[in-house]
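Features of the protein shown, as given by Swiss-Prot:
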- 26-27, Lys78, 132-134, 183-184, Met272, 288-289, 317-320: NADP(+) binding site (BINDING)
- Gly184, Gly186, Cys189, Arg192: K(+) binding site (BINDING)
- Cys189: active site, thioimidate intermediate (ACT_SITE)
- Thr191: active site, proton donor/acceptor (ACT_SITE)
- Asp222, Gly223, Gly224, Gly245, Gly246, Gly271, Met272, Ser273, Arg289, Ala290, Ser291, Glu292, Gly293: GMP binding site (BINDING)
Amino acid sequence: MPTIENEPKLDFKDVLLRPKRSTLKSRADVDLVREFVFRNSKKKYVGIPIVASNMDTVGTFEVAESLSKKRLFTTIHKHYSVDQWMEFVNRISSNQDILSQIGISSGISDYDFTKLKKICGLIPELQYICLDVANGYSEVFVDFIRRVREEFPRHTIFAGNVVTGEMTEELILSGADVVKVGIGSGSVCTTRKKAGVGYPQLSAVLECADASHGLNGHVMSDGGCTNPGDVAKALGAGADFVMIGGLFAGHDQCGGDTVEKDGQKYKLFYGMSSDTAMEKHEGSVAEYRASEGKTITVPYRGDISKTVQDLLGGLRSACTYTGAKKLKELSKRATFVRVTQQTNEQYATFEISPSELQNLNIAV
(Lines of atoms letter the chains of each structure in order from A and count residues from 1; the text may use other names and numbers.)
(Lines give C-alpha, C1' and ligand atoms only; values in the text may rest on other atoms or scores of the structure.)
Protein backbone atom coordinates (compact mmCIF):
# COMPACT_ATOMS: atom_id res chain seq x y z
CA MET A 1 0.00 0.00 0.00
CA PRO A 2 1.15 3.61 -0.45
CA THR A 3 3.35 5.00 2.30
CA ILE A 4 4.47 8.45 3.38
CA GLU A 5 7.94 9.20 4.72
CA ASN A 6 7.35 11.86 7.35
CA GLU A 7 10.97 12.86 7.92
CA PRO A 8 11.53 16.24 6.24
CA LYS A 9 13.85 16.20 3.24
CA LEU A 10 15.85 19.34 2.54
CA ASP A 11 17.08 21.30 -0.45
CA PHE A 12 19.94 23.78 -0.70
CA LYS A 13 17.51 26.65 -0.10
CA ASP A 14 16.52 25.19 3.27
CA VAL A 15 19.94 25.47 4.93
CA LEU A 16 23.04 27.58 5.44
CA LEU A 17 26.54 26.52 6.47
CA ARG A 18 27.35 27.50 10.04
CA PRO A 19 30.59 29.52 10.39
CA LYS A 20 33.32 28.04 12.59
CA ARG A 21 36.62 29.07 14.11
CA SER A 22 39.33 29.31 11.45
CA THR A 23 43.11 29.68 11.43
CA LEU A 24 43.19 30.66 7.75
CA LYS A 25 44.60 34.12 7.06
CA SER A 26 43.41 34.42 3.47
CA ARG A 27 41.11 32.76 0.94
CA ALA A 28 44.24 32.29 -1.17
CA ASP A 29 45.48 29.74 1.39
CA VAL A 30 42.64 27.30 0.62
CA ASP A 31 43.57 24.24 -1.44
CA LEU A 32 40.67 23.31 -3.75
CA VAL A 33 42.40 20.38 -5.47
CA ARG A 34 41.14 16.90 -4.59
CA GLU A 35 42.73 13.51 -5.14
CA PHE A 36 40.64 10.36 -5.46
CA VAL A 37 41.42 6.73 -6.23
CA PHE A 38 38.32 5.12 -7.68
CA ARG A 39 36.89 1.88 -6.36
CA ASN A 40 36.51 -0.10 -9.57
CA SER A 41 38.88 1.43 -12.12
CA LYS A 42 41.65 1.90 -9.51
CA LYS A 43 42.59 5.07 -11.40
CA LYS A 44 43.64 8.29 -9.68
CA TYR A 45 41.94 11.65 -10.22
CA VAL A 46 43.58 14.99 -9.41
CA GLY A 47 41.73 18.26 -9.97
CA ILE A 48 39.06 20.64 -8.72
CA PRO A 49 35.87 18.54 -8.58
CA ILE A 50 33.51 20.87 -10.41
CA VAL A 51 32.10 19.27 -13.54
CA ALA A 52 30.43 20.83 -16.59
CA SER A 53 27.24 18.94 -17.38
CA ASN A 54 26.94 16.66 -20.40
CA MET A 55 24.13 18.78 -21.87
CA ASP A 56 24.73 19.76 -25.49
CA THR A 57 24.65 23.47 -24.56
CA VAL A 58 27.25 23.03 -21.79
CA GLY A 59 29.36 19.90 -22.32
CA THR A 60 31.18 21.17 -25.40
CA PHE A 61 34.78 20.80 -26.52
CA GLU A 62 35.24 24.56 -26.18
CA VAL A 63 34.03 24.51 -22.56
CA ALA A 64 36.41 21.62 -21.86
CA GLU A 65 39.38 23.55 -23.23
CA SER A 66 38.58 26.53 -20.99
CA LEU A 67 37.79 24.62 -17.80
CA SER A 68 40.82 22.36 -18.04
CA LYS A 69 43.06 25.42 -17.64
CA LYS A 70 41.75 25.66 -14.06
CA ARG A 71 41.72 21.87 -13.57
CA LEU A 72 37.92 21.62 -13.75
CA PHE A 73 36.27 18.63 -15.44
CA THR A 74 33.89 18.45 -18.42
CA THR A 75 31.60 15.59 -19.40
CA ILE A 76 31.34 15.96 -23.17
CA HIS A 77 27.81 15.53 -24.50
CA LYS A 78 27.00 12.35 -26.40
CA HIS A 79 25.92 13.93 -29.68
CA TYR A 80 29.38 14.60 -31.10
CA SER A 81 30.26 12.25 -33.96
CA VAL A 82 33.41 10.12 -34.15
CA ASP A 83 34.81 12.53 -36.74
CA GLN A 84 34.18 15.52 -34.47
CA TRP A 85 36.00 13.77 -31.65
CA MET A 86 38.99 13.14 -33.87
CA GLU A 87 39.01 16.76 -35.05
CA PHE A 88 39.05 17.87 -31.42
CA VAL A 89 41.92 15.53 -30.51
CA ASN A 90 43.94 16.78 -33.47
CA ARG A 91 43.25 20.38 -32.47
CA ILE A 92 44.59 19.87 -28.94
CA SER A 93 47.51 17.68 -30.01
CA SER A 94 49.95 20.09 -28.36
CA ASN A 95 48.08 19.90 -25.04
CA GLN A 96 46.94 16.32 -24.50
CA ASP A 97 46.60 16.97 -20.76
CA ILE A 98 43.09 18.25 -21.52
CA LEU A 99 42.01 14.65 -22.03
CA SER A 100 42.68 13.92 -18.35
CA GLN A 101 39.92 16.39 -17.44
CA ILE A 102 37.16 15.23 -19.78
CA GLY A 103 34.83 12.27 -20.06
CA ILE A 104 32.81 10.84 -22.93
CA SER A 105 29.05 10.53 -22.41
CA SER A 106 26.92 7.68 -23.64
CA GLY A 107 23.36 6.47 -23.67
CA ILE A 108 22.50 2.80 -23.19
CA SER A 109 21.50 1.54 -26.64
CA ASP A 110 23.51 -0.90 -28.74
CA TYR A 111 24.31 1.99 -31.08
CA ASP A 112 25.66 3.99 -28.12
CA PHE A 113 27.81 1.05 -27.02
CA THR A 114 29.29 0.58 -30.49
CA LYS A 115 30.05 4.29 -30.77
CA LEU A 116 31.61 4.32 -27.30
CA LYS A 117 33.91 1.43 -28.17
CA LYS A 118 35.00 3.10 -31.38
CA ILE A 119 35.82 6.47 -29.82
CA CYS A 120 37.62 4.95 -26.82
CA GLY A 121 39.55 2.69 -29.17
CA LEU A 122 40.68 5.64 -31.28
CA ILE A 123 41.50 7.82 -28.25
CA PRO A 124 43.17 5.61 -25.61
CA GLU A 125 44.00 8.67 -23.49
CA LEU A 126 40.27 9.08 -22.81
CA GLN A 127 39.81 7.43 -19.41
CA TYR A 128 36.40 8.63 -18.19
CA ILE A 129 32.98 7.39 -19.31
CA CYS A 130 29.69 9.01 -18.25
CA LEU A 131 26.65 6.73 -18.58
CA ASP A 132 23.68 9.03 -18.48
CA VAL A 133 19.96 8.29 -18.26
CA ALA A 134 17.17 10.24 -16.60
CA ASN A 135 16.04 7.21 -14.57
CA GLY A 136 18.90 5.22 -13.10
CA TYR A 137 16.57 2.75 -11.38
CA SER A 138 15.95 0.49 -14.37
CA GLU A 139 17.42 -3.01 -14.62
CA VAL A 140 18.37 -2.24 -18.21
CA PHE A 141 20.64 0.55 -16.98
CA VAL A 142 22.27 -1.62 -14.32
CA ASP A 143 22.92 -4.33 -16.91
CA PHE A 144 24.48 -1.74 -19.23
CA ILE A 145 26.85 -0.57 -16.49
CA ARG A 146 28.01 -4.17 -16.06
CA ARG A 147 28.47 -4.47 -19.82
CA VAL A 148 30.58 -1.30 -20.00
CA ARG A 149 32.63 -2.29 -16.96
CA GLU A 150 33.41 -5.65 -18.56
CA GLU A 151 34.47 -3.96 -21.81
CA PHE A 152 36.42 -1.15 -20.09
CA PRO A 153 37.83 -2.55 -16.82
CA ARG A 154 40.35 0.28 -16.40
CA HIS A 155 38.12 3.22 -17.32
CA THR A 156 36.47 5.33 -14.62
CA ILE A 157 32.67 5.20 -14.96
CA PHE A 158 30.24 7.92 -13.89
CA ALA A 159 26.65 6.63 -13.85
CA GLY A 160 23.22 7.98 -12.95
CA ASN A 161 20.93 9.47 -12.07
CA VAL A 162 19.57 8.20 -8.76
CA VAL A 163 18.62 9.82 -5.44
CA THR A 164 18.56 7.06 -2.83
CA GLY A 165 21.18 5.10 -0.95
CA GLU A 166 20.16 1.59 -1.94
CA MET A 167 20.36 2.35 -5.66
CA THR A 168 23.65 4.16 -5.19
CA GLU A 169 25.04 0.94 -3.72
CA GLU A 170 23.57 -1.09 -6.59
CA LEU A 171 25.28 1.03 -9.25
CA ILE A 172 28.64 0.92 -7.48
CA LEU A 173 28.50 -2.84 -7.03
CA SER A 174 27.58 -3.14 -10.72
CA GLY A 175 30.74 -1.31 -11.80
CA ALA A 176 30.22 2.45 -11.44
CA ASP A 177 32.95 4.48 -9.75
CA VAL A 178 31.01 7.73 -9.32
CA VAL A 179 27.22 7.80 -8.98
CA LYS A 180 25.39 10.88 -10.25
CA VAL A 181 22.79 12.08 -7.76
CA GLY A 182 19.77 14.15 -8.71
CA ILE A 183 16.30 13.75 -10.22
CA GLY A 184 14.24 16.79 -11.13
CA SER A 185 16.54 19.34 -9.49
CA GLY A 186 18.00 20.90 -12.65
CA SER A 187 17.13 24.45 -13.66
CA VAL A 188 15.59 23.36 -16.98
CA CYS A 189 14.19 20.01 -15.81
CA THR A 190 10.42 19.56 -15.41
CA THR A 191 10.34 15.91 -14.28
CA ARG A 192 8.89 16.87 -10.91
CA LYS A 193 6.01 18.64 -12.65
CA LYS A 194 5.38 16.08 -15.37
CA ALA A 195 6.00 12.88 -13.40
CA GLY A 196 5.66 13.98 -9.79
CA VAL A 197 8.95 12.21 -9.06
CA GLY A 198 12.05 13.59 -7.37
CA TYR A 199 13.95 14.14 -4.14
CA PRO A 200 15.25 17.32 -2.48
CA GLN A 201 18.87 17.62 -3.54
CA LEU A 202 20.63 18.24 -0.23
CA SER A 203 19.04 15.21 1.42
CA ALA A 204 19.70 13.10 -1.67
CA VAL A 205 23.40 13.99 -1.57
CA LEU A 206 23.67 13.33 2.18
CA GLU A 207 22.05 9.91 1.89
CA CYS A 208 23.73 8.79 -1.33
CA ALA A 209 27.17 9.97 -0.17
CA ASP A 210 26.80 7.99 3.03
CA ALA A 211 25.88 4.84 1.09
CA SER A 212 28.62 5.33 -1.50
CA HIS A 213 31.44 6.08 0.90
CA GLY A 214 30.59 2.95 2.85
CA LEU A 215 31.64 1.00 -0.26
CA ASN A 216 34.64 3.24 -1.05
CA GLY A 217 32.67 4.71 -3.93
CA HIS A 218 32.07 8.35 -4.86
CA VAL A 219 29.09 10.56 -5.71
CA MET A 220 28.50 13.55 -7.95
CA SER A 221 25.74 15.99 -7.07
CA ASP A 222 23.97 16.79 -10.35
CA GLY A 223 21.53 19.70 -10.48
CA GLY A 224 20.02 22.23 -8.13
CA CYS A 225 22.95 24.64 -7.76
CA THR A 226 21.79 28.21 -8.34
CA ASN A 227 24.91 29.95 -7.04
CA PRO A 228 28.42 29.20 -5.71
CA GLY A 229 27.01 28.80 -2.19
CA ASP A 230 24.93 25.83 -3.34
CA VAL A 231 28.06 24.20 -4.76
CA ALA A 232 29.71 24.60 -1.35
CA LYS A 233 26.65 23.09 0.35
CA ALA A 234 26.71 20.08 -1.98
CA LEU A 235 30.38 19.46 -1.22
CA GLY A 236 29.76 20.04 2.47
CA ALA A 237 27.00 17.42 2.36
CA GLY A 238 29.47 14.82 1.14
CA ALA A 239 29.46 15.12 -2.65
CA ASP A 240 32.86 14.30 -4.11
CA PHE A 241 32.03 16.13 -7.35
CA VAL A 242 29.42 18.73 -8.29
CA MET A 243 28.00 18.79 -11.82
CA ILE A 244 26.81 22.15 -13.11
CA GLY A 245 24.56 23.02 -16.04
CA GLY A 246 22.68 26.29 -15.65
CA LEU A 247 25.51 28.17 -13.94
CA PHE A 248 27.73 27.45 -16.95
CA ALA A 249 25.09 28.29 -19.60
CA GLY A 250 25.15 31.40 -21.78
CA HIS A 251 28.90 31.77 -22.33
CA ASP A 252 30.98 32.10 -25.49
CA GLN A 253 32.17 28.50 -25.22
CA CYS A 254 28.67 27.05 -24.79
CA GLY A 255 26.35 25.58 -27.37
CA GLY A 256 22.90 27.00 -28.01
CA ASP A 257 21.87 29.60 -30.56
CA THR A 258 22.52 33.25 -29.82
CA VAL A 259 19.41 35.43 -30.08
CA GLU A 260 18.69 39.11 -29.57
CA LYS A 261 15.74 40.64 -27.71
CA ASP A 262 15.25 44.36 -27.13
CA GLY A 263 18.86 45.03 -28.05
CA GLN A 264 20.22 42.47 -25.57
CA LYS A 265 22.02 39.21 -26.47
CA TYR A 266 20.85 35.86 -25.10
CA LYS A 267 21.73 32.21 -25.64
CA LEU A 268 19.29 29.32 -25.75
CA PHE A 269 19.52 26.80 -22.92
CA TYR A 270 17.33 23.72 -22.68
CA GLY A 271 16.91 20.46 -20.83
CA MET A 272 17.96 17.27 -22.61
CA SER A 273 14.42 15.88 -22.28
CA SER A 274 12.84 19.06 -23.66
CA ASP A 275 10.97 19.36 -26.94
CA THR A 276 13.92 21.36 -28.29
CA ALA A 277 16.48 18.64 -27.52
CA MET A 278 14.33 15.74 -28.72
CA GLU A 279 13.41 17.46 -31.98
CA LYS A 280 17.06 18.39 -32.58
CA HIS A 281 18.55 14.95 -31.95
CA GLU A 282 15.67 12.54 -32.57
CA GLY A 283 13.53 14.40 -35.07
CA SER A 284 10.46 14.62 -32.85
CA VAL A 285 9.01 13.78 -29.46
CA ALA A 286 7.95 10.13 -29.42
CA GLU A 287 4.18 9.70 -29.15
CA TYR A 288 4.50 7.79 -25.86
CA ARG A 289 6.59 10.53 -24.23
CA ALA A 290 6.06 13.94 -22.71
CA SER A 291 8.67 16.66 -22.65
CA GLU A 292 10.36 16.76 -19.24
CA GLY A 293 12.48 19.83 -19.86
CA LYS A 294 12.06 23.46 -20.81
CA THR A 295 13.77 25.89 -23.17
CA ILE A 296 14.84 29.28 -21.89
CA THR A 297 16.96 32.23 -22.97
CA VAL A 298 19.96 32.98 -20.75
CA PRO A 299 21.50 36.47 -20.82
CA TYR A 300 24.76 36.35 -22.74
CA ARG A 301 27.59 36.13 -20.20
CA GLY A 302 30.80 36.43 -22.23
CA ASP A 303 33.81 34.25 -21.50
CA ILE A 304 33.29 31.38 -19.07
CA SER A 305 36.49 32.21 -17.16
CA LYS A 306 34.73 34.94 -15.15
CA THR A 307 32.09 32.50 -13.95
CA VAL A 308 34.78 29.97 -13.02
CA GLN A 309 36.53 32.66 -10.97
CA ASP A 310 33.27 33.44 -9.18
CA LEU A 311 32.65 29.76 -8.40
CA LEU A 312 36.15 29.10 -7.11
CA GLY A 313 36.12 32.32 -5.10
CA GLY A 314 32.84 31.29 -3.48
CA LEU A 315 34.25 27.87 -2.60
CA ARG A 316 37.36 29.38 -1.05
CA SER A 317 35.19 31.73 0.97
CA ALA A 318 33.03 28.84 2.22
CA CYS A 319 36.16 27.01 3.32
CA THR A 320 37.52 30.02 5.21
CA TYR A 321 34.21 30.59 6.99
CA THR A 322 34.05 26.94 8.08
CA GLY A 323 37.74 26.60 8.91
CA ALA A 324 38.58 24.13 6.14
CA LYS A 325 42.16 24.56 4.94
CA LYS A 326 41.52 22.12 2.11
CA LEU A 327 38.36 21.36 0.15
CA LYS A 328 38.78 17.80 1.41
CA GLU A 329 38.02 19.07 4.93
CA LEU A 330 34.80 20.91 4.05
CA SER A 331 32.46 17.95 4.61
CA LYS A 332 34.13 17.28 7.97
CA ARG A 333 33.75 20.91 9.01
CA ALA A 334 30.22 21.39 7.68
CA THR A 335 27.30 21.93 10.03
CA PHE A 336 24.03 22.93 8.38
CA VAL A 337 21.46 25.17 10.03
CA ARG A 338 17.86 25.12 8.83
CA VAL A 339 16.57 28.53 7.80
CA THR A 340 13.40 30.21 6.60
CA GLN A 341 15.25 32.87 4.58
CA GLN A 342 18.52 32.70 2.65
CA THR A 343 19.25 36.34 1.87
CA ASN A 344 17.98 39.88 2.37
CA GLU A 345 16.19 40.71 -0.89
CA GLN A 346 15.21 44.31 -0.07
CA TYR A 347 17.03 45.77 -3.07
CA ALA A 348 17.02 42.71 -5.33
CA THR A 349 15.02 44.46 -8.07
CA PHE A 350 17.55 47.33 -8.17
CA GLU A 351 20.66 45.19 -8.65
CA ILE A 352 22.74 45.92 -11.73
CA SER A 353 25.43 43.90 -13.44
CA PRO A 354 29.03 45.13 -13.95
CA SER A 355 28.32 45.66 -17.67
CA GLU A 356 25.24 47.75 -16.87
CA LEU A 357 27.29 49.78 -14.41
CA GLN A 358 29.83 50.59 -17.11
CA ASN A 359 27.06 51.94 -19.34
CA LEU A 360 25.53 54.23 -16.73
CA ASN A 361 25.88 57.97 -17.04
CA ILE A 362 27.23 59.01 -13.64
CA ALA A 363 25.85 62.37 -12.51
CA VAL A 364 28.56 64.83 -11.47
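Cβ from N, Cα, C; glycine included.
Overlay of Swiss-Prot feature records on the structure.
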residue: Ser26; record: NADP(+) binding site; Cβ contacts under 8 Å, 6 or more apart: Thr320
residue: Lys78; record: NADP(+) binding site; Cβ contacts under 8 Å, 6 or more apart: Asn54, Ile104, Ser105, Ser106, Gly107, Asp112, Asp132
residue: Val133; record: NADP(+) binding site; Cβ contacts under 8 Å, 6 or more apart: Gly107, Ile108, Phe141, Gly160, Asn161
residue: Ile183; record: NADP(+) binding site; Cβ contacts under 8 Å, 6 or more apart: Ala134, Asn135, Asn161, Val162, Val163, Thr191, Val197, Gly198, Tyr199, Ala204
residue: Gly184; record: K(+) binding site; Cβ contacts under 8 Å, 6 or more apart: Thr190, Thr191, Arg192, Ala195, Val197, Gly198, Tyr199, Gly223
residue: Gly186; record: K(+) binding site; Cβ contacts under 8 Å, 6 or more apart: Asp222, Gly223, Gly224, Gly245, Gly246, Gly271
Residue from Met272, Ser291, Gly293, Ala318 whose C-alpha is spatially nearest that of Cys189 (K(+) binding site), among the binding-site residues:
Gly293
In angstrom units, rounded to an integer, how far apart are the Cα atoms of Ser291 (GMP binding site) and Ala318 (NADP(+) binding site)?
37
Go through Gly224, Gly246, Gly293, our binding-site residues, and report the one whose Cβ sees the most other Cβ atoms within 10 Å.
Gly224
For Ser291 (GMP binding site), list the number of other Cβ atoms lying within 10 Å of its Cβ atom.
18
Inter-residue C-alpha distance, Ala318 (NADP(+) binding site) and Gly293 (GMP binding site) (nearest angstrom):
31
10 Å Cβ neighbour count around Thr320 (NADP(+) binding site)?
20
Listed in sequence order, residues not in Gly184, Gly186, Cys189, Arg192 with Cβ within 8 Å of the centre of the K(+) site Cβ atoms:
Gly182, Ile183, Ser185, Thr190, Thr191, Gly198, Gly223, Glu292
How many Å separate the Cα atoms of Met272 (NADP(+) binding site) and Gly293 (GMP binding site)?
7
